[in-house]
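S.K.: The region 'Required for nuclear localization' annotation in Swiss-Prot covers 1-37. According to Swiss-Prot, the region 'Interaction with RB1' annotation covers 1-71, 171-226. Swiss-Prot lists 3-36 with the feature repeat 'ANK 1'. Among the features that Swiss-Prot reports, repeat 'ANK 2' is placed at 37-69. For 39-226, the entry in Swiss-Prot reads region 'Interaction with RELA'. According to Swiss-Prot, the repeat 'ANK 3' annotation covers 70-102. Per Swiss-Prot, the feature repeat 'ANK 4' maps to 103-135. The repeat 'ANK 5' annotation in Swiss-Prot covers 136-168. The repeat 'ANK 6' annotation in Swiss-Prot covers 169-201. Taken from Swiss-Prot, the feature repeat 'ANK 7' covers 202-226.
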Amino acid sequence: MEGCVSNLMVCNLAYSGKLEELKESILADKSLATRTDQDSRTALHWACSAGHTEIVEFLLQLGVPVNDKDDAGWSPLHIAASAGRDEIVKALLGKGAQVNAVNQNGCTPLHYAASKNRHEIAVMLLEGGANPDAKDHYEATAMHRAAAKGNLKMIHILLYYKASTNIQDTEGNTPLHLACDEERVEEAKLLVSQGASIYIENKEEKTPLQVAKGGLGLILKRMVEG
């Protein structure tokens, strides 16, 4: 069938947005609402992925579990946050989705909101109690991702919710190292203005100023030292 992503018909219906057919199937056999497919995904995971809000709401009304993880550790909230499904994120949080759940990579939904530049979703997650300094398996935070990607508004949002600017990942890099390395000028200036250190060395014994390209290092040095 079209939209065949799963070995379970009910998951394919959820992914392709066929609400009436999905309702018929589930009302005939309630267990289908929570059955898992080859990826350990339920209909809820697939509806979140494709952004079918009505199907998500139908499944949530049935009381399906909101925190079940697929075989890569992704919850429905991870999927919805990464895919930019604002209304679905709101609905999942309203049903008690765990905002700091981690997947196999140690990532929370906020990590994906930050790297994909999902502003409204990041705010919803943070308002819902997301830890702004949660670290993935590389000890990187949402701030590392926003800085590397050059997501200026996301950095503003994270700063508003008191995210740290000086956490080091497994390579010893702070968000400022990454911003400098990727030539994210405005992002680097914002980080320094909010307390990011220009003196922290990474594992290669380099400071952010030493990885900065062009005239960025000088700009940042002047900001700090005058």
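Keep in mind that glycine also has a Cβ here, set from the backbone N, Cα and C atoms.
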S.K.: For the repeat 'ANK 4' (103-135), what does DSSP give as the number of helix, strand and coil residues?
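M.R.: Computed counts for the repeat 'ANK 4' (103-135) are 16 helix, 0 strand, 17 coil.
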S.K.: What are the DSSP helix, strand and coil residue counts for the repeat 'ANK 3' (70-102)?
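M.R.: DSSP classes over the repeat 'ANK 3' (70-102) add up to 17 helix, 0 strand, 16 coil.
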S.K.: Taking helix as H, G and I and strand as E and B in DSSP, count the residues of the repeat 'ANK 2' (37-69) in helix, strand and coil.
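M.R.: Reading the DSSP string over the repeat 'ANK 2' (37-69) gives 17 helix, 0 strand, 16 coil.
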S.K.: Can you tell me which parts of the same chain pack against the repeat 'ANK 6' (169-201), counting only residues 6+ beyond its ends and a CB-CB cutoff under 8 A?
M.R.: 135, 138-141, 143-144, 146-152, 155-156, 159, 207-209, 211-214, 216-217, 219-221, 223-224
S.K.: When secondary structure is assigned with DSSP, how many helix, strand and coil residues does the repeat 'ANK 5' (136-168) contain?
M.R.: 17 helix, 0 strand, 16 coil
S.K.: How do the residues of the repeat 'ANK 1' (3-36) split into helix, strand and coil according to DSSP?
M.R.: 22 helix, 0 strand, 12 coil
S.K.: In the same chain, who gets a Cβ under 8 Å from the repeat 'ANK 7' (202-226) while lying at least 6 residues past its ends?
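M.R.: Same-chain contacts beyond the ends: 168, 171-174, 176-177, 179-181, 183, 185, 188-189, 192-193, 196.
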S.K.: Take the repeat 'ANK 5' (136-168) and average the pLDDT across it for me.
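M.R.: Taking every residue in the repeat 'ANK 5' (136-168) and averaging pLDDT yields 99.
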